[in-house]
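Asks: Copying in the features that TrEMBL gives for the protein in this structure:
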- 432-886: domain 'GPI ethanolamine phosphate transferase 1 C-terminal' (DOMAIN)
- 443-464: transmembrane segment (TRANSMEM)
- 484-501: transmembrane segment (TRANSMEM)
- 507-524: transmembrane segment (TRANSMEM)
- 536-563: transmembrane segment (TRANSMEM)
- 569-587: transmembrane segment (TRANSMEM)
- 594-612: transmembrane segment (TRANSMEM)
- 618-640: transmembrane segment (TRANSMEM)
- 682-703: transmembrane segment (TRANSMEM)
- 732-748: transmembrane segment (TRANSMEM)
- 789-807: transmembrane segment (TRANSMEM)
- 827-850: transmembrane segment (TRANSMEM)
- 862-881: transmembrane segment (TRANSMEM)
Amino acid sequence: MGIPVFVFAGLLVHCVFLASIFDIYFTSPLVHGMTPQQTPLPPPGKRLVLFVADGLRADSLYELDSNGTSRAPFLRSILENTGSWGISHTRVPTESRPGHVALIAGFYEDVSAVAKGWKENPVEFDSIFNESKYTWSWGSPDILPMFAKGASGDHVYTFCYTAESEDFGAQDAAKLDTWVFDHVKSFFNSSRSNQTLYSALNEEKVVLFLHLLGIDTNGHAHRPNSREYKENIRKVDEGVKEIASMLENFYGNDGKTAFILTSDHGMTDWGSHGAGHPSETLTPLIAWGAGVNYPQRVASQFFEDNFLKEWKLENLKRLDVNQADIAPLMASLIGVPFPLNSVGTLPLEYLNNSAHFKAESMFTNAVQILEQFKVKMTQKKETTLSFLFTPFKPLSDSEQINLLKKTRLYIQQEKYDEAVSLCKTLINLALEGLSYYHTYDRLFLGLSIAMGFVGWTAYVILVIIKTHTNLTKAAQSHDKESTILLYGFAFVGLIIAFFLLIQTCPWTYYVYCLLPVPVWYAVVKELHVIQDLAAYLLSLPVGQSMGFLLICALGIEILVFSFFYRSTLTIGLLVFAGWPVITQLWVQAKTTALIWILLCMLLGIFPLMPVVGREPNIPLVIATGLLTLLISCSSLSSLCKSKNKYMNNEDLKVQFYQMLSIALSTYVVSSTHDSLQNKQGLPVFNQIISWTTLVSSSVLPLLSPTFLFQRLFSILLSLMSTYLLLSTGYEALFPLVLSGLMFVWINMEQEALQQYGLSLKPKLAVFNFSYATDIMQFRQLHLDDVRRSFFFVFFIVTAFFGTGNIASVNSFDPASVYCFLTVFSPFMMGGLLVLKVVIPFVLVSCAFEAVQVTTQLSSKSLFLIVLVISDIMALHFFFLVKDYGSWLDIGARYPSKQCENWSKRRTIFLLVILPIISD
C-alpha cells in the first residue's frame, strides 16, 4: 500500500470511527407520528405566564441575606402564602438551550444541537408554545427564535433585543430584564387600542413567556456571589411583581392566570455552567395562580441536603421535580395537549384540583409517553428480521392493553389513587422501553466498529514492522493464495451486505459493518510479517518480551486513567523526572538532566492546581508577561554579545517586534481588567491590539531564523503573546514551563541517541530546518523510539489537561476572551477558547518535530507509533462513552450523580486530534 493510499485509508477509518460515535451514541431520541393527547376535563386556567430567570441558582433565590431578609420578597411571600415551591433538577449539559427545551418541550436535548451553538433546531419537536393557541415571548435573540421557528402555523410571536445588548462588559446587565418588563407593559397597554390583539389576549390556551437573561450575564461577568448578581435578583423580583399585578388588573382578577417562575440552569461560584455541579443543576421552581396548590404546612420533611434549614423553609413542603416535568405541568394547567416528545411526569402535588382531574391528567400523560414507545417499537420492528427481533418484554402488547384497561376501570370506579399509581408504572415502563429501542443496535454496531478499528491498528503495527524495522525477511509472492483470500473476503462482504439489505438498514450500517472486511484482508495479506514477528518474539527471553508488553500496556492505561484523574499526570511527570537516573543519562549530561528533573517536577504542579477559571489572578498573568519579557531580553542580549553569525539585523527586528507584542499583551490584560472592573466596557484600543496580536502571532515565526532553537523560541514568543490575552490566572505560566521542558527534551534525546550509539551528537545550536533532510540518513526504528512516541502522547495530554479542562467549549469562563470581545457570541468565543487549547499543543508538536529530525527518523515512522498508541486509547474510550453527563468533567470529579466522566469530548479528542496528526 503506497503512502497516499495509506494516508487516505487512515483518514477514512478514523472519519468512519468518529461518525460512528454520533450514530451509535448520539442519534436523536425523538420520534414522530404520535397522536396529540389532551386531558378531557376542563382546565383550571386560560392562560400561563412563564418566567425563566436564566442562570438563577436555587440557593441564590431562596436563601436569606445576612440581616435575615429575602432578596426576592415578592416571590418569598408567594411561596409562603399563595403558591407551591420546590427545586427543579436539571440535566447536563446545563446550557440555556437544553434547559429551555426541557422546560418548554419536556425532553432532554440531544447533543447534536451543540454543532449549532445550542441555537438552532437539529431536529423538529413539539412544545407547549406549538400546542398553545397564542404565545407571546420577550427576551434574548438566542432563545426565542428557536421555538418560533419550530412551531406550526403563525401563532408564536417573539420580541427580542439586539444581540449586541448581551455584553459581559456592560455597566449593568440587569437592563436586559428591564427591557423585557418594559416591553411587556407597553405591549398590554397598546392592546387596549387594538381590538384584534385584545381579543387574542383574551382567548384560552394563551402563553406569555418572559426570558430574563440579566442574572446569567451578571453571573458570568461578576460571579454569583457578587453584588451585581444579587441586585439583579431583586430587580427580577420587582419586575415579576409588577407584571403579575398588571396582568391581574388587565384580566379583571378572573383567577384564570397561572404563573410559573424557574430557571434553565444554575451557575458555579466561579461563573460558569455546563457541567453537573449541584450549583448548576439545582434551580428554583415557584408556581402560583389558577390550578396551583397553596402552600402545604408540614411538621418535618427529609432531604439529603440541608437547604431547608439554611433557607428557613422547614415547615413549607418542598416539591422537587425533574426539569422536563414542568412541561406537562404547564399543559395541564391551561388544557393544551402534552408536547408529543415530552418524557416528563406530571407533578400532581402542584395541582389544586379534583382527584378525578389529577387521575385523568396522569392517564393522558401515560398514554402520551406510551405513544412514543409504540412508534419507536414499530420503527425498530420494521427494520429487523422477525426471527431476530427481541421485543421489550415488560411492556408487551398484551401488557399495554391490560394496564390501559385497568387504569380506565379504576378511574370509572373512582379509585383515583390506584389509577395514578398504575399510570406512573406505565410511564416508567414506557421510558425504559424507549431507551431499550433507542439503544437496540448499539452492541451490534459497536462490535462491528471495534473489529474494524482493531484490524486497522493491527495493520499499522505490521506496516511499522515491515517498513521501519529489520525484523522481516523478503516475502515470496503467492498469487494463487492471494486470489483465494480476496475471493473469500469478498464473499464475506456480500453475505454481510445481503443481510443488511433484507433488513432495510440505513446506508451508514453498510459502512460500519463492511469496513472490517477490507481492513482484515489487508492484515491477513501480511501473514509473513506476522510470522516473522512471532519468530522474533519467541527468540527473545520470555521475561524480556512480557516485560516490554507489560510496560507498554501500563503506559497506555496510565494515559487513559489521566483523563479521569488529573493527578495521574503529576505521577507520570515524576516518573519522567527519574528517567535520566534510571537510564544513567545523568552521568554524561548532569546539567541537562538536573534541569529536566526540575522542570518535570515544576510542570507536575499544574495538574494539582484548581481548574482554570475558578480563581482569577490577573496580577499573576501580568507577572508572567513580565517574566517572558525578561527571558526575551536575556536571549536577545546573549545573541547580541555573541555576535552570532547566523543572526542578522532582520532577525533581531523580528524578535524585537515579538517582545513588543508581549509587552502590549501584558498591558492590554491589565488595562482591560481595570476597565471591566470599573464597568467601562472593553476599550476599543485594547480590542484592536488583541486582534492584531492574534493575527501577527501566526506570521512573525515565519520571518524568524530557521535555526532550531531560534525558530522554536520565536514560536513560543508569538504564541505566548496570544496566550497571555486568553489567560485569567496561573495557566499563563503553563506554556513557559512546558516550552522549557520541551527544549530540554530535545537535548535529552540527543544524549540518549549517543548513549545507545545510534548517532553522533549533532550541534543543535546550528541545526537548520531550511536544509533539506537527506532521506538516506534516516535510520530504522529502535525500541527506544517507542518511548519517544509515548513521551509525545503524554505531553500532548498534559498540554490539553494540565491546567484543568480548558477544552470544554461549553463550560468555560467568558473572562478568558474579554480582551477580544465581551458581547456574547458562542462560536467566536468557542473559537478563541479552542485557540487557547491548541497553543500548548502546537508547542509540543513543534518540539516533537525537532526530536524526529534531530534523531534522524522519518516523520512517518514515529507518527505511526503515535497513531497506534492513540488508536488503542481511542478503543478504550469508544466503549466508555455515555450519551449523558457533563462535557466539563474531564480529569475532575464533582459530588453529583449526574457528573459522568465518561464524556463524549474525551472520545472526540482521541479519535480526531492524535490520529489525524499521525495520518
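Glycine too: its Cβ is placed from the backbone N, Cα and C atoms.
Those TrEMBL annotations? Automatic predictions, nothing curated.
I'd like these features described in context: how deep, what's nearby, how far apart.
Replies: Same-chain residues lying 6+ beyond the ends of the transmembrane segment (536-563) with a Cβ under 8 Å from its Cβ atoms: 471, 569, 571-572, 783, 786, 790, 793-794, 797, 801, 869, 872-873, 876-877, 890-891, 901, 906.
Same-chain residues lying 6+ beyond the ends of the transmembrane segment (569-587) with a Cβ under 8 Å from its Cβ atoms: 558, 562, 593-594, 596-597, 600-601, 603-605, 607-608, 748, 751-752, 755, 791, 794, 797-798, 801-802.
Panel annotation: around the transmembrane segment (618-640), residues 647, 652, 655-656, 658-659, 662-663, 665-666, 669-670, 673, 713, 717, 720, 724, 727-730, 732-733, 736 of the same chain, lying at least six beyond its termini, place a Cβ under 8 Å from a Cβ of the stretch.
Long-range contacts of the transmembrane segment (732-748) within its own chain (CB-CB distance under 8 A, at least 6 residues past either end) are made by residues 580, 585, 589, 592-593, 595-596, 599-600, 602-603, 606, 620-621, 624-625, 627-628, 631, 708-709, 712, 716, 719-720, 723-724, 764, 791, 795, 798-799, 802-803, 839-840, 843-844, 846-847, 850-851, 854.
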Asks: So which of 484-501, 682-703, 862-881 has the most C-beta pairs under 8 Å when paired with the transmembrane segment (443-464)?
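Replies: Highest pair count goes to 862-881.
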